[in-house]
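Asks: Can you keep this structure in mind? I'll have questions shortly.
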Amino acid sequence: MGNIEAFKALFLGFIEGLTEFLPISSTGHLILFGHLIDFHSDSGRAFEVVIQLGAILAVCWLYRKKIIDLVQGFFSGDQEARHFTFSVLMAFFPAVIIGVLAVDFIKSVLFSPLVVAIALIIGGLIIFWVESRDFKPSTTEATKITFKQAIAVGFIQCLAMIPGTSRSGATIIGGMLSGLSRKAATEFSFFLAMPTMLGAATYDLLRNADVLTSDNMLNIGLGFITAFISALFVVKALVRFVEKHTLRVFAWYRIVLGIIIMFVML
């Protein structure tokens, strides 16, 4: 395994952690940068899954106190903790069902620069539309989300299976459309990411376990570490950002990047 491939793994791990929780599509960026730097890994899909796991574990670490409080509250009979836990599970199940049914089609047909470019542009336009509304949220705390809102976010999250859409972008915008404040939607998106991404990672690792060997573990480990570290900074920064700013800057980024991809890579 060459030093160049190891450096590329570090770089892609950084990109994963940087983009996973921003509404700009981490999968889309991994596809694009993987093409640009000509990254080759024998572990293939397993590499992507493990670096995504690094990013989600960063969220688990940052929200560890809230997670512990929720678990303790759930088993001690705290109604708010139980309500929020069931809300997350309700939002999680649509992705499970649709993901299992459509995963092979999505990966074989939709993983291309053209799909990423189109999804980036459409997603950017949707963000502009949502942010242009007279936005008066009915729910300002993530733990107060209603079951109806949670289910709506869950179904909208399924759109993120299309590369370039962005799981965080879909869930944040879905939350805002259903009445959550920008911050509440962002924090609910983080909590929903935990079962969604951990479940997807487990499923994909089981399917790709045969390609995990001692020869490619260095690349995987390097990508995991950089994804974890960069995600730590991004999650904290995003929560502070959405408290005072709209998501329009991400909409501009998506549209410009999508146009560049169409002209340069296609």
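Each position is counted from 1, following the chain as shown.
Just so you know, glycine gets a Cβ as well, placed from its N, Cα and C.
Since we're looking at a predicted model, the values are computed, not measured.
Found this in Swiss-Prot, in case it helps:
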TRANSMEM  4-24  transmembrane segment
TRANSMEM  43-63  transmembrane segment
TRANSMEM  86-106  transmembrane segment
TRANSMEM  109-129  transmembrane segment
TRANSMEM  145-165  transmembrane segment
TRANSMEM  186-206  transmembrane segment
TRANSMEM  219-239  transmembrane segment
TRANSMEM  246-266  transmembrane segment
Asks: Name the range, of those listed as 4-24, 43-63, 86-106, 186-206, 219-239, that has the largest tally of Cβ pairs under 8 Å with the transmembrane segment (145-165).
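Replies: Most contacts with the transmembrane segment (145-165): 86-106.
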Asks: Report the listed stretch (4-24, 43-63, 86-106, 219-239) having the maximum count of Cβ pairs within less than 8 Å of the transmembrane segment (186-206).
Replies: 43-63
Asks: Given the transmembrane segment (219-239), which of the listed stretches 4-24, 43-63, 86-106 has the most Cβ pairs that are under 8 Å apart from it?
Replies: 4-24
Asks: Which residues, given as numbers and ranges, are at least 6 beyond the ends of the transmembrane segment (4-24) yet have a Cβ under 8 Å from it?
Replies: 30, 33-34, 37, 39-41, 47-48, 51-52, 54-56, 58-59, 120, 123, 127, 166-169, 172-173, 189-190, 193, 218-220, 222-232, 234-235, 238, 247, 250, 253-254, 257
